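Read the structure below first, then the notes.
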Amino acid sequence: MKTQIEIAREGTISSQMMAVAAEEHVSPDYVRQMVAEGKIVIPGNHSRKPRAVGIGKGLRTKVNASIGTSSDIIDYGAEVRKALAAQEAGADTLMELSVGGDLDRVRREVIAAVDLPVGNVPLYQAFCEAARKYGDPNKLDPEMLFDLIEKQCEDGMAFMAVHCGINLYTIERLKRQGYRYGGLVSKGGVSMVAWMMANRRENPLYEQFDRVTSILRKYDTVLSLGNGLRAGAIHDSSDRAQIQELLINCELAELGREMGCQMLVEGPGHVPLDEVEGNIQLQKRMSGGAPYYMLGPISTDVAPGFDHITAAIGAAQSSRYGADLICYITPAEHLALPNEEDVRQGVKAAKIAAYIGDMNKYPERGRERDKEMSKARRDLDWKKQFELALFPEDAKAIRASRTPEDEATCTMCGDFCASRGAGKLFAADLRGDKI
């Protein structure tokens, strides 16, 4: 069976492209053309047809939610509930990143529970199984890794983060660079670096990239090029090791497209605001416009407990400058495994950030809703305000918890409501839509 990019290059508009066009209010041929050029991807799988979600140029910024067990907390039911919570809160995609317990079981239960495109990181299970089998993750046999990639694709993975961009030269550059404030923060990245150093061998995912691509192409699983050397501190942002890996990933993105595979490129997780635009411009230029998947990014390192906010600030900037998919960050980041409420708060913060970014990325089509909300507030039209709200149930709950004496107003101002006062003074003028 053919991949979406191969279908698009033949001039055919698939049912998935049609669905994306309808959802995004763009023409089907636009979607087809961008898919053909590798500037839009539609995560999916021949063995499982998830909801059609387009990621890339000219489309709204999408939000990914990541869940998964840890070695300390293994609760399969909780992960399914978190997956459902993410879907209900508005996540566009989901990543199942378990490293504890029966990894086949949790992956399959999560995939069965949601209709979102689900992705994962195959290195996690590979190193977990090597540790269980041999007592040492560095004894991982590359054949086991490729077998796992195939098995996970068979299970229905719609996209897969694969750490292909770490090679021996990248590690040498990291060593020459020396000190890093945040060290290495990618579980998959540090595990692969450790394996390469222990075995004095090249990264098999880089060395046999054509094999990786061949497996994912077989299932039309999107290949998301992971960033194992991403900065884990804003003072490490855009350092030589990170940029070296990005350069390799951008080269691999071009190669993967030539092989008929849909390609994503992953971006960093900690970026000061003044570096966001340049980082995205660099990726877009070097990758030929491949969709960019930013992890956050967190914009300051000193707000644990509130990193859903620090990441939302960075994500809004990223969306504004061209990021196509952003990974949510929860309040539990750097502190604990997220629970259901953390997942909800993370998704909502990221959705708001994506919306704000899109308002500025697409001003001609992104601000009408805000104008209508302003008019509804001016007119004290509460029904309309809730209809326009990104999260109406949250807004309704807050208002209901503090009921005003006059239902036309709220308890913030009560008798001193500015909107009501201005309406009485300038009723005709303030309600003229031309103002």
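Every residue, even glycine, has its Cβ placed from backbone N, Cα and C.
Take the substrate site that Swiss-Prot assigns to Met95, Tyr124, His163, Ser186, Lys187, Gly188, Asn227, Gly228, Leu229, Arg230, Tyr293: the candidate from Glu251, Glu254, Glu266 listed for it is Glu266. In three-state terms derived from DSSP, His270 (Zn(2+) binding site) belongs to an extended strand segment. Within 8 A of the CB centroid of the [4Fe-4S] cluster site residues Cys410, Cys413, Cys417, the other residues of that chain are Pro404, Thr409, Thr411, Met412, Gly414, Phe416, Ala418, Ser419, Arg420. Ranking the binding-site residues His163, Lys187, His270, His334 by other CB atoms within 10 A of the CB puts His334 at the bottom.
Following the DSSP three-state reduction, the secondary structure of Lys187 (substrate binding site) is helix. For the substrate site, whose binding residues are given in the record as Met95, Tyr124, His163, Ser186, Lys187, Gly188, Asn227, Gly228, Leu229, Arg230, Glu266, Tyr293, the maximum C-alpha distance rounds to 19 Å. Comparing the binding-site residues Met95, Cys413, Cys417 on other C-beta atoms within 10 angstroms of each C-beta gives the minimum for Cys413.
Taking Cβ-Cβ distances under 8 Å and a sequence separation of 6 or more, the neighbours of Glu266 (substrate binding site) in its chain are Ala161, Ser224, Leu225, Gly226, Asn227, Arg230, Asn249, Tyr293, Met294, Leu295.
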